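Over in TrEMBL, the protein carries these features:
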{"type": "COMPBIAS", "residues": "250-278", "note": "compositional bias 'Basic and acidic residues'"}
{"type": "COMPBIAS", "residues": "341-352", "note": "compositional bias 'Basic and acidic residues'"}
{"type": "COMPBIAS", "residues": "380-389", "note": "compositional bias 'Basic and acidic residues'"}
{"type": "COMPBIAS", "residues": "421-451", "note": "compositional bias 'Basic and acidic residues'"}
{"type": "DOMAIN", "residues": "17-149", "note": "domain 'MobA/VirD2-like nuclease'"}
{"type": "REGION", "residues": "250-279", "note": "region 'Disordered'"}
{"type": "REGION", "residues": "330-392", "note": "region 'Disordered'"}
{"type": "REGION", "residues": "408-451", "note": "region 'Disordered'"}
Amino acid sequence: MVIKGRSRGNGVQLADYLLNNIENDRAQLLDVVRGTSRPYDLKKSLLEMSLSSELTKGVHGLYHAQINPAIGEDQPMSPEDWQRAADILEQHLGFDGQKRAIVLHEKKGRVHAHIVWERYDHETGILKNDGQNYKKHDQARAEIERELGHEITPQRRDQTKEPDHKQELTKLWNHAKDGHSFVKEAEKSGYQIAYSDDRRPWRVVTPDGQSLDLVRQLDNAKTKDVRDRLQPIRDELKPEAEALAMVRERAVQKEKAPERPEPEKSERLIPDKSRELSDSQDLAIAMLEQKEKDREANEYKKNQWKDLSPDEYLKYKQDKETQLYKKNQWRDLASEASSSKLEEEPKPENNHFQRYSYNFKIEQQIDPPPVLANVSLQKNEPDNSRELSDSQDLAAAIIERRKQQVERERKVQEAKQQSDITDKVEQLLEEARRRREQQQHDRNKGLDFDR
């Protein structure tokens, strides 16, 4: 766990930073701001807390601290745990009862807390002392880790438990022929060779996320030797910040990934070839049985009339003949209709759509089969006076339907244009709002820097 903090001013700029969702995946106000007149408005509350310094000769009316747990220990923490951690830090800093705000930030899967206190003491009329804050942070960190059950951060690094990076990198350096091969072998071992703009530009990022000077990690190697090998491929190396971010993100993903248990030797079974053959035989037999059942069903449907009684068979035969007749009579009608001639009639005066009429003259009457002898087919003579009226009604209906269709298309097009205009206006307003927020953010950052 890491705790750091300092005194500062400009509460408006601090509120913009704490509520920023661009750089963070999530920003959440953990609890209402304690002791202010606007407990649900973070920006106005921090402005109120920072302006209290105007009552004194000081300029830094706020104390801003961060609590960042170790990787994997932030996820199990509940809101009550975060508040308890803030209470412990508050006691060690001497800010008991002061106005306070807590904001949680989530970034790349990790959660950390920002706590802001008002330094102005309303009883004494002076600012709270912020001296020796590094020691107070360390004492609060130890108490928080003990109370929440986190891994205790050692006061000094145990170098006996740390991997010997110098020995590993020296071995890779001596076996490599050139810079390309050294960088490639180092990446296989979990190291990232990077560069920076410092006085000692050649850096190595270890698998545990430390950035070290590469020259000091190589035995019997000088800066000139490292420069001669890596200078030709400097453009291919990653910047130090990018390499650090890559290694730390890899560590976070490794902590999140559940460990897969190694299967026991008894679970690793050898494929049974005899069982595969048996399964194939069973499948083939089942397919043959299903095929035989289908064949028997089709055979029964084909020969079921043989088992019928005389009366049932006569009814069955009549039904088949009726279906055959219905099927063939429409063929005869279609062939006769295709051979009929198209007769042109005079154009009516008040109808611009009726030019042709089709008059099918079927002279031969279809003889019904013996089964349908009692059914008489009647042939109706066409009514020419009725044809003209029907044609006019049809034309009027077509015109009305076309008008309705055109009106519907026009309304749909207008609605679509209105929707596009609305979306464009909203997009322009959103861009203008973001531009104003960015300008205000840049202006506040510059104001805080001047202070």
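Any Cβ shown, glycine's included, is placed from N, Cα and C.
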Restricting to the same chain and to residues at least six past its boundaries, which positions have a Cβ under 8 Å from a Cβ of the region 'Disordered' (408-451)?
8-10, 12-13, 16, 59
Over the span of the region 'Disordered' (408-451), count residues by DSSP class, listing helix, strand and coil in order.
43 helix, 0 strand, 1 coil
For the domain 'MobA/VirD2-like nuclease' (17-149), how many residues does DSSP put in helix, in strand and in coil?
47 helix, 31 strand, 55 coil
